[in-house]
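According to TrEMBL, the feature transmembrane segment maps to A:20-44, A:56-77, A:89-107, A:127-153, A:165-188, A:194-212.
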Amino acid sequence: MHSEPQRLYRPLAAVPRLRWLRTALVFGIAGWSGFYVMAVELLSGRLMAPSFGSSIYVWGGIITVFMLALSLGYLLGGQLSLRAPSLRKLGLILAAAGLSTLPVLLFGDAMLDFLFERVSDPRYGTLLASTALFFVPTVISGMVSPYAIRLLVRQLSASGKSAGSLYFVSTFGSAAGTLMTSFYLVLWFEVNQIYAGLIATSLLLGALALPFDEVVDA
Amino acid sequence: MLRTATASLLALLGLSAEARVLHTEKSLYRNITVLEENGERCMRFGRVASSRQTCLRLTQPDQLVFDYTRMMLGALYLQPQPRDILVVGLGGGTLPMTLRKLYPQARIDTVEIDPAVTRIASRFFGFQPDAAMTVAEEDGRVFVKRQLKQGRKYELVMLDAFDHDYIPEHLLTREFLLEVRGILAPRGVLAANTFSSSKLYQHESATYAAVFGDFYNLQTRSRVILLRQGGLPARGELEANAARLEKALPYYGVSQDWLLPLFKLSARDWPASTRVLTDQYAPSNLLNAM
């Protein structure tokens, strides 16, 4: 393990009064990431429908890609948490997931047209389109949970409890994201407006974590 | 006592006591029931009494049972000699079969997403595809988009893919209607089976008007939109076509005395601020529930 340079000042998060804020941010980021993934996934069905329809296999293709990406993200997030984990980095992961969704807004339609022209079977069309547009942001989103658990765990005996609360918050976020998107957001906004709002929120939450750069070494 | 209770329970479910269920099936998309009652054989989706998809009068199978199918045939008043026809949404196959009998030479493409519906249409409703009447088993939007890329044109397009309580939202957007407009031949006609009530009425109207301008708005309890590429005909042309078809159509239960008065120009009876439905904004099912 590498060692951090000796600091001459107390990191912000080390101030006892801010400890609750630090924990709240870890949970907030994990919960938001759960919200984000489900909102993005539901809306991706909307993007696919004009080119590939809304048959059951279109949803099958979308869900497959999201699950594969998440599984890979869990692995990578766990690996990354071995090296000097900090809340700042968690914030950067969240922001990166948001930024990597931008191509959906910028090139989504062009990509879908391109694939519609070349892939006549809507099953493989959906699989390719969701991979091209959503694989990277979803891998990065998958990194959030294991990384956040690393930040929460203080002692081995309570690690299961930390993981449990983290799963609770992130899956609760997913439920909220699913409900809000399908019941209300699509009624109020356009799909791309919702995507833009989701990305902006991720960047904002990520930025809030930037001051907390102390490395957790417990 | 028990019998009355059973009967009222059945009535609640929308089944009369004599209803005879011929077939039930859980398809990929829905539950389908075929049943016979009051001399009619019907296909139903789901369990709601009002969701009858197709009905066939057993003694007069060629007579159209529903107002909306009769109004859909009103499209022929705008284009009495269609050679290339597209029907999106098969149901029991009533529309394509009627068109086949009226136009033995026409090329009729049908699109149906649910293979079970196609099977049931053939087995229980006398639907018979032929060399010039084929069924594409796929999503209507994908089919239309492909025809557009290939430069295919139709003189008549019928949209009948909606059912009472579920709308494929990507088939009711400005972008989809633009694609449909793209496959309409120069004086090609579009007939759409749509919604007569709920908040969706205004959004749907605004969307059709945004793409096509004026349209005929035929309403009974059902609602059918009829329009023609390049503008609606003069009343005289409509009446002349109706008179021409008066030899053939009454056999199917469609008479000009009933149908012609229903041809009303859309009165723009929706607020000017109504939001047009697009691929970006298409909460049609939510709006339909309001």
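Note that Cβ sites are derived from N, Cα and C of the backbone, with glycine treated the same way.
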Apart from its near flanks, which chain residues at least 6 from the ends of the transmembrane segment (A:20-44) lie with a Cβ under 8 angstroms of it?
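Sequence-distant neighbours of the transmembrane segment (A:20-44): 13, 62-63, 66, 70, 87, 90-91, 94, 97-98, 101, 104, 130, 133-134, 137-138, 141, 144-145, 148, 151-152, 165-166, 169-178, 180-182, 185-186, 191, 194-195, 198, 201-202, 205-206, 208-209, 212.
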So which residues does the transmembrane segment (A:194-212) touch in its own chain, when a touch means Cβ under 8 Å and the partner is 6 or more beyond its ends?
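For the transmembrane segment (A:194-212), the sequence-distant neighbours (Cβ-Cβ under 8 Å, at least 6 residues beyond its ends) are 11-13, 22, 25, 28-29, 32-33, 36, 39-40, 43, 86-88, 90-99, 101-102, 104-105, 181, 185-186.
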Other than its close neighbours in sequence, what residues sit by the transmembrane segment (A:89-107), given a CB gap under 8 Å and a spacing of at least six beyond its ends?
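25-26, 29, 32-33, 36, 40, 44, 47, 77, 80, 133-134, 136-138, 140-141, 143-144, 147-148, 151, 192, 195-196, 198-203, 205-210, 212.
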